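Visitor: Please read through the structure below; I'll follow up with questions.
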Amino acid sequence: MDKILTAIFTPAFLFSVIRVSTPLILGSMAALICNRGGMLHIAFEGIMLSAAFFGMLISALTQNVLLGIIGAILGGLLISMMLGYFNLVLNSDKTLTGIALNTFASAGTIFALYLLVQDKGTSNSLPSLTVPNIAIPIIKDIPILGEIISGHNLLTYIAFITVFLTYIIIFRTPLGLRIRTVGENPNAAASVGINVLKVRFITLAISAVIASLAGAYMSMGYLSWFSRDMIAGRGFMSIAAQNLGAALPLPSLLASLAFGAVTALANVLQTLNMPSEIIQAMPYVATLIGLGVFGYVGKVSNRKRSKAVLGSAKMREGGNA
Amino acid sequence: MNRNIEKQFQILRTLLAVAIAIAVAFTIICFISDNPIETIKSFVLGPLTSKRKIGNIITNLTPMLFVGAGVCLIFSANQTNMAVEGGFFVGAMFASVVATCVKLPTGIHVIACLIAGGIAGAMACLIPAFLFVKFNAKPVVSSIMVNNMCLFVALFVINHLIRDPAAGFLASYKFAKTSRIGEMIPGTGIHYGILIGITVLIITFLYLNKSKAGYEIRTVGRNVEFARYSGINVNSVIIKAQLLGGILAGMGGAVEVLGMYKRFQYQSLTNHGFDGIMIGIMANYNPKMLPLAALFLAYIRAGADSMQRTSDVPVELANIMIAVIVIMIVAEKFLYKMKHKRIVAAAQKKLEEKEAA
Amino acid sequence: MEQNILVMENITKVYSNGFVANKNVNFSIHEGEIHALVGENGAGKSTLMKILFGSEKPDEGRILLRGQEIHIDNPTVAINYGIGMVHQHFMLVPSLTVADNLVIGMEPKKNGLYDVAKAEEIAREVSEKYNFKVDSKTRVRDLSVGMKQKVEILKALVRGAKILILDEPTAVLTPQETKELFVELKHLKEQGYTVVFISHKLNEVKELCDRITVLRAGKTIGTKEIENVTEQDISRMMVGRDVRLDIDKNKAVPKETVLKVSHVNKVNSLGKQVLNDVSFHIPRGVILGIAGVEGNGQSEISEIIAGMDQNFVGNVMVNGKETRNMTVRQLRENGVAHISEDRMTYGIVGDGSIAENMISDRYYKKEFQKGVLLNQKKIDNLVNDLIGRFNVKCDGKDQPIRMLSGGNMQKVVAAREFTSKADLIVANQPTRGIDIGASMFLRNKLVELRDAGAAILLISADLSEVMDVSDRLIVMNEGKISAYFEDASQVTEEEMGLYMLGIKQMTPDEIRRASSDE
C-alpha cells in the first residue's frame, strides 16, 4: 500500500495522468460538440483510428509533421462525412452505421498497413514522425509544477486549448448558438430560417477535426507508430466522459482526467507486481461505474421533479376540499 | 401490391449492396495486385479448391450461427448491446476452465462446458442490460466497456489460473479429451459444433418468431409504447432478450474453442461478436435469413484467406466488404426514389384499372 | 384605422388525403385591431393560419397585404412581411437564455463572436418597449409557461412583426397569466399592432377582441363586431353539426355499475390543473359520452382510466376493484379495453403484421398456445375471422399494418379492443381522421357492444358522434365536468355549446347525478 501511495504522489504520476488523458480530452470535446448539435454518434472510434493511421502515413511519406496532422484530420473527416451522408441524407440509423464505420476503419487500416509494411501489427518499419514535446519556458524550471505540466506533447497542450475553444465555439459564437438550437429544437431553428442540415454537417465536421487530433496524438505522440485497433475503446470512453460532464466543457475535461487517472494508476500498479490483466480492466470498469452513477443521479432528480408535481396536486386537492 | 414492391426492394437493396461491395473489392484488388485475374480467381474459387478449404467455410460459419442468433434476440428487442463480443470471449474462457479443471465423462463434459460458457456470456450481456433498466445508461457505450473488461478478466483467468507453463506460449492447459467437440467429417475440420449451431438457430427461430416470448421481444423492439399499452412488461422482456442473447454468444465461444483448439490461446478479442452483429443486421435480425448472411461472410472470409496465401491482398478485405454492405443496407433512402416511383406507378395503374372497369 | 391591412380571399385547401380543410374562406383584418378567430376543432382555423404563415400552401385563393397580392412560400417570407406567429408548441430552446432565444438566426456579432451583451440589450429594449416583464438572462427552461409565451411574442416582435397570430395562447395559461397577457396584448394594440387571437374561450374573446370571425367545417360563417354579438350568438355560430347520424339503437338498459370514477384530480408536468374533481360512473349497457373542446381534460381522464397514467389523485374502480396499482395487463384482464386517441404511437405497431397487431392483448392466453409455441392455426383463424367481421380491406393477415389506410388501421385496433370480451371500453376519438364508412361501422359496433352488456366511455371532439351515439352525456370544460345529461337524445347542440365553451355551468348537485349509481 505504501508503495502505491509513494508511486502516486510523485510529479511523474501526475505527468502521466495528463499524458494518458490527452486523447480522452480531445475525444470528449468532439463528442460534446456532437451532443450539443443533436448528432452524438459512436463512430469516434473509427474517426480516431483513421486519423491515427493517416497521420502516421502522411508524416512518413512527406517527412513533415504538420502535413501529417493535416492528413490525420482528412482521415478523420472521411469517416465522419460518410456518417453524415448516410445518416442525414440517406436516413440511416446512426448507431448501426457507426458500428459498420468502426469496422470499416478497423479493417481498412489493417488492410492498408499490411500493404505498406507487410505487417498487420504495427507500422514500426515506416519512418513516421512524432509531434514534438514542448518544454514551457520559466514554468519548466519551477520544481514539481514544472515536472508535471512542462515537457508534454504539443498535442497535449492543444487538447487543453481545445477545451477552451470548445467553450468559445459552443457558448460564445453565433454558430454555437445555432448548433445548440438545432440540437435541442430543430423546428425552432428552421422556423427562424436556419439551415438545419448545413448546421448538422458543420457540427460533424468540427467534431471530427477535434477527434482526429486525438487520433493523431495516438500514433504521433503517445506512441511513435500506428498499431492495429490502437484506439482500444477510447472513442467510447470519450462519449462516456462527456456524458458524465453533462456536455459541459470543464466537467467533461475533469471526467476525462478522472478516467486518465485510473489508467495512469493502472500503469503504476502494473509495475508493482499486481496482475496486469485486472489492472488493465480498471479504466473500463471505472467508466461503467461512471455511467451507472450518472444514470442513477439523473433518475433520482427526475423522480424528485415528478414527486414535486404530484405534491402540488395533493395540495391543490386539499385546497379544493 | 405495395407489399410486394417493398419486399422486392428489400431484396434488391441487399443484392445491390452485395454487388457494390464485390465491385469495391475487385477494384481494390485490381489496384494493388500484380496479377489481378489470378487474385480474383483465388478469392472467388479458392475456398472450393480442396476438402479442407470447404471445411474452413463451415468452421468459420459455426460460431457465427450462435452469436448471430444471440444478436437476433437482442437487437430484435431494439437493444444495441454489443457485449456479445465480450460474451463470446468469456464464454470461451469459462468453457476452457471447465474443460481443463473438471473431470467428467465424455459428452457430459461438453455439455457442462457449454453451460459454463452460456452462463459467462449471459453475465457479460446482462451488465449493460441492467445498467439500462436500472440507471437508464444506454447499452451502446457500456457494452463496449464490458467487452474490454471481459477481455482482461478472461486473460487473467487464463494466464494466472490455468496457464500451462510447459506450452511454450501463453496458453491454457490442454482441454481434457472428454471435453473436446470431435471432428464430424474427417479431414475437413468440420466439427459437431455445426450441428449444435443449426439446432440453436432453429430453436431461436421458433422462439423468436413462433412463441409468445418472441412475440413480446419483437413487439417491444418495434414500438415500446404499444407494448406497454398492450400490457407487456417491457423491462422484463428487455432483460430476457439480452440474457438469452448472452447465453448464445457464450455458448458460441465455448463451441469454438472446444471444436477448433486444444487449448485456450486467444490474446485479444476475436471479433466474433461483431461478425454476429454484422450478419444479424444483414439478415434483418431474422434467424431464417441468418444462415445465408453467415454463409456469405464465411465464404468471403475463406476467399480472402485463400487470396492472402497466394497474393499480397490481406484478408481484411472481407471485413471491408461486410462493412460496406451493412452501411448500405441500413440506409433507408438508398434506392428510395426508385421504390417510391414504383409504388406511385402501381397505384396509378390500379386506379386506371378501376376506372376502366 | 378602419382599413383592411390583410385580406385572405377565397382560400381553399385540400390535403393530400382528400380532407377539405378550408373551402372558399374569406378572412380580413383591420389594422390595429384584435381579431378573434374561433371555431371548433377541425373547423379549419389552424390550416388558415398556417397558410398565412407560409407553412402550408393554399390550392386556391389569394392573400393581400395592404392591397398588394403577396405569395408566402415559407415562414421566413412571412416574417419578412411582418407576420409573426406564436405556436401552441413553443419554438424555443430550453437551455438557452431569453436573450439567446430572441436573437437566434439574427445574432449580433462583435469580433466574430456572438455579442451576448448586445443580445441582452436588445432583449431589454424590446421588453421595456412593449412592457413585457421578462428577465433576459434567465434560461427558458426555468420560465413558467406564461413567461415562455411572452418570449415567443417578443421573438416575433424583434423580427419586425406587425401582425401577430396567437394560436390558442390561453390554453396553457393560468387565469392570472391570462390576465397579464391581455394587458400586454391591449398595450400592443395601442401601439398600432394587429393581433389575430385564436381561441375557444368566448368570455376571453368578449373581453379582449374587437371583431370576430367564426369558422365551421372549413367555411367562414361570418365576421361580426364583438359589441353586437353575445356569447350565446357566437356559440350558436360555432357549434353546429352538419349531419344527424343515422344510428340504429334502442333505449339503453342500464345494469350494474362497471366504472366508478371518484374525485379525480391531476396537475400536469407544467403545473396546470388539468382535472378538477371529476366523478362519474358508467353501468353496463350504457354509452357515456364526454363532449368538450379538446384539451379540457378528456385525454387525461381516459389515460387514467385505461391505466396508462398512475400520476393522479382520486379513485378509479372497475368491476368493484380499485385500479390504481394494477399493471395494464391486470387492468385488461379485469375487463378493460382501450382505443387510444394516438393511434400511431399506442394503437398499433406499424412494422407488425395485421395479425400481430390483432393479438397483442391476448397472445399469451392459454387458448393460443400449443406446447411451447403459439398456436398459429388458431391465431390465423381468429385473425381471418376478425378481418372478415370488421371488414378490414387488406392483402392478407400478414401485410404490415402501416400500409393500410387510417380507417382500416382503426378497424384492426377495434377488432382487437372490441373482441376482448371487455366490460368497459374506453374509446378515445375512435373515428378521428378516418373515412365516413369506417366511422359509421365503428359507431354501430359500439352500440352493438352496449347491447351485449358492455359499459362504454366515448370521448370525441365530433359533436354529432358524441351526441348521437351516447346514451348519457358529460361535458368537460377546464378539467371540470360542466354538465351532465341523463338522456343524450334530449339535448340540443346549442345547449351543448354553452357548456362546452364555459358560458354555462351546472350546479354541483346537478352534476352529482353523474356519479350516483341509483
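The backbone N, Cα and C atoms fix where each Cβ goes, and this holds for glycine too.
Caution: TrEMBL annotation is automatic and unverified by curators.
Note that the coordinates shown come from a computational prediction; the quantities given were computed from them, not determined experimentally.
Got these off TrEMBL a minute ago, pasting:
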type	residues	note
TRANSMEM	B:12-34	transmembrane segment
TRANSMEM	B:54-75	transmembrane segment
TRANSMEM	B:82-102	transmembrane segment
TRANSMEM	B:108-133	transmembrane segment
TRANSMEM	B:140-162	transmembrane segment
TRANSMEM	B:189-208	transmembrane segment
TRANSMEM	B:243-261	transmembrane segment
TRANSMEM	B:317-336	transmembrane segment
Visitor: Does the transmembrane segment (B:189-208) make contact with the transmembrane segment (B:54-75) through 3 or more Cβ pairs under 8 Å, each pair 6 or more apart in sequence?
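Guide: In contact, yes.
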Visitor: Quick check: do the transmembrane segment (B:54-75) and the transmembrane segment (B:82-102) share at least 3 Cβ pairs under 8 Å, counting only pairs 6+ apart in sequence?
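Guide: Since 3 or more Cβ pairs under 8 Å link them, the transmembrane segment (B:54-75) and the transmembrane segment (B:82-102) do come into contact.
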Visitor: Which one of these stretches, B:12-34, B:108-133, B:243-261, B:317-336, has the most C-beta pairs shorter than 8 Å to the transmembrane segment (B:82-102)?
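Guide: Highest pair count goes to B:108-133.
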Visitor: At least three Cβ pairs under 8 Å linking the transmembrane segment (B:108-133) and the transmembrane segment (B:12-34), pairs spaced 6 or more in sequence?
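Guide: Checked: the transmembrane segment (B:108-133) vs the transmembrane segment (B:12-34), no contact.
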Visitor: Restricting to the same chain and to residues at least six past its boundaries, which positions have a Cβ under 8 Å from a Cβ of the transmembrane segment (B:243-261)?
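Guide: That would be 59, 62-67, 69-74, 81, 83-85, 87-96, 99, 110, 113-114, 116-126, 129, 175, 179-181, 189, 191-193, 196-197, 200, 204, 207, 272-273, 276.
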